[in-house]
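Engineer: Structure provided below as structure tokens; questions to follow.
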Amino acid sequence: MDASTLFKKVKVKRVLGSLEQQIDDITTDSRTAREGSIFVASVGYTVDSHKFCQNVADQGCKLVVVNKEQSLPANVTQVVVPDTLRVASILAHTLYDYPSHQLVTFGVTGTNGKTSIATMIHLIQRKLQKNSAYLGTNGFQINETKTKGANTTPETVSLTKKIKEAVDAGAESMTLEVSSHGLVLGRLRGVEFDVAIFSNLTQDHLDFHGTMEAYGHAKSLLFSQLGEDLSKEKYVVLNNDDSFSEYLRTVTPYEVFSYGIDEEAQFMAKNIQESLQGVSFDFVTPFGTYPVKSPYVGKFNISNIMAAMIAVWSKGTSLETIIKAVENLEPVEGRLEVLDPSLPIDLIIDYAHTADGMNKLIDAVQPFVKQKLIFLVGMAGERDLTKTPEMGRVACRADYVIFTPDNPANDDPKMLTAELAKGATHQNYIEFDDRAEGIKHAIDIAEPGDTVVLASKGREPYQIMPGHIKVPHRDDLIGLEAAYKKFGGGPVD
């Protein structure tokens, strides 16, 4: 596309140079800028990428978007705008032909449950033989092809490119995990949502948002801003078991479908049966009651299942067809995932990293604990520490507790575990400043019949260490290796 045509979509302060050049790429990553690219510089929390403008010029890039004039060669056109990231969003959606308009887009937000609900929607679509894409905490996936991701919600240009990639691959739908950070930072500007789903709201990310009111407002942006294409039918799916849903009803102009277990809703789960092999329940709907079985474990996953089923149903698939698909879904990686059932202990990993998430996790596993419940939990560095003692208190519902850091970054690991220990309600706990050693200790003290839960990370493949360096780390692999060494079995894949 000609740059002069592209920039007709935005208001600029001034242009230094010529816009008569062909553009086939937009990037906010200076390392990928090249001839034919537009490089959009921005002022981030830790890095001002304006300082890389000369680098991109050396790589052949001839057009940059900046918030003030840079010292660059005369053959590099500079477009000066007040808000570079807002302009990046407009340019990306325009250049890539508004990809979110070309498929059904589901957006899932909430403190806990985003990954599970989003993954379930994607897996249901695949069971229905539909081409589908997913983008979130577990990376980027088109059908069964997966790639890793850095953030739950990537920055606006990368996000738009991923949606375009899904469209080009023939995806009929795409499910996005929508983080509060992504909403506040404008990463989702221009994305057209067909269905918005809310799981719950509990304390988290106050290091970023400051207050629960601000955090809640951030989440509400998804429901008030589903997009601008009024020709599409749009729907909102709300969890009536969470009181924040009442507020979300007031901010959305779209039709709402509610689900719940404890509170009255349009769609409800009754006669619930649970085991470590899965759940079953009667799905009570406005159209009748349907028996549902699922391999997912825990009462909280029943809420997630209902949210996913309603979302897919809202776009035209019958409930009977969806329920058949749900019965055969694969587990969501790292979400109440039982590792190697042949072991004499129940070894479980989960992503729970808030007091609410941990409570629900313990509620799910405690009825099936045969001997002791050994619970390992970590606290992340450079995060809201006001929630930490409550996490320690909840962890002490277990018989034995191990406190570790989780992505300590530049914080002192010993400080993080001490903050967790402030909430301890019994003395059966130990602190490790090395998470891997804490996991090995959990296995070392476990006896046949015990349940060992490794919480906070799921299958996250790294630890963020000082200097924000990512060091390879997998809870599941460390736990399995220690368990096989003690009890036999293996090897670790």
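Each residue, glycine too, has its Cβ placed from N, Cα and C.
As annotated in Swiss-Prot:
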- Gly110, Thr111, Asn112, Gly113, Lys114, Thr115, Ser116: ATP binding site (BINDING)
- Lys219: N6-carboxylysine (MOD_RES)
- 406-409: motif 'L-lysine recognition motif' (MOTIF)
Engineer: What else in the chain is close to the motif 'L-lysine recognition motif' (406-409), if you only count residues 6 or more beyond its ends and a Cβ gap under 8 Å?
Structural biologist: 353, 378-382, 416, 435, 456-457, 463-466, 468
Engineer: Checking the contact step here: among the binding-site residues Thr111, Asn112, Gly113, Lys114, Ser116, which have a Cα within 10 Å of the Cα of Lys219 (N6-carboxylysine)?
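Structural biologist: Checking Cα-Cα distances against Lys219 (N6-carboxylysine), the binding-site residues within 10 Å turn out to be Thr111.
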Engineer: Mind checking how the motif 'L-lysine recognition motif' (406-409) divides into helix, strand and coil residues in DSSP?
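Structural biologist: Summed by class, the stretch gives 0 helix, 1 strand, 3 coil.
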Engineer: Name them in sequence order: residues not among Gly110, Thr111, Asn112, Gly113, Lys114, Thr115, Ser116 whose Cβ is within 8 Å of the mean position of the Cβ atoms defining the ATP site.
Structural biologist: Val108, Ile117, Ser199, Asn200, Asn304
Engineer: Using all protein chains shown, find which of the binding-site residues Gly110, Gly113 scores highest when you count other CB atoms within 10 A of its CB.
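Structural biologist: Its Cβ has the most other Cβ atoms within 10 Å: Gly113.
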Engineer: What kind of secondary structure is Gly110 (ATP binding site) part of, going by DSSP in three states?
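Structural biologist: Where Gly110 (ATP binding site) sits, the three-state DSSP reduction gives coil.
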Engineer: Give, as a single whole number between 0 and 100, the mean pLDDT over the motif 'L-lysine recognition motif' (406-409).
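Structural biologist: Summarising the motif 'L-lysine recognition motif' (406-409) by its mean pLDDT gives 95.
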Engineer: What kind of secondary structure is Ser116 (ATP binding site) part of, going by DSSP in three states?
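Structural biologist: It is helical.
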Engineer: Find, for the listed binding-site residues Thr115, Ser116, the residue with the lowest Cβ contact count at a 10 Å cut-off, counting only other Cβ atoms.
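Structural biologist: Candidates: the binding-site residues Thr115, Ser116. Fewest Cβ atoms within 10 Å: Thr115.
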Engineer: Using a Cβ-Cβ cut-off under 8 angstroms and a sequence gap of six or more, which residues of the chain neighbour Asn112 (ATP binding site)?
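Structural biologist: Set apart from Asn112 (ATP binding site) by at least 6 residues yet with Cβ under 8 Å, we have Ser199, Asn200, Thr202, Phe300, Ala352, Thr354, Asp356, Gly357, Lys360.
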Engineer: What count of other C-beta atoms do you get within 10 angstroms of the C-beta of Lys219 (N6-carboxylysine), across all chains shown?
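Structural biologist: So the number of other Cβ atoms within 10 Å of Lys219 (N6-carboxylysine) is 24.
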Engineer: When you tally the Cβ atoms that lie within 10 Å of each candidate's Cβ, which of the binding-site residues (Thr111, Lys114) has the highest tally?
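Structural biologist: Of the binding-site residues Thr111, Lys114, the highest Cβ count within 10 Å belongs to Lys114.
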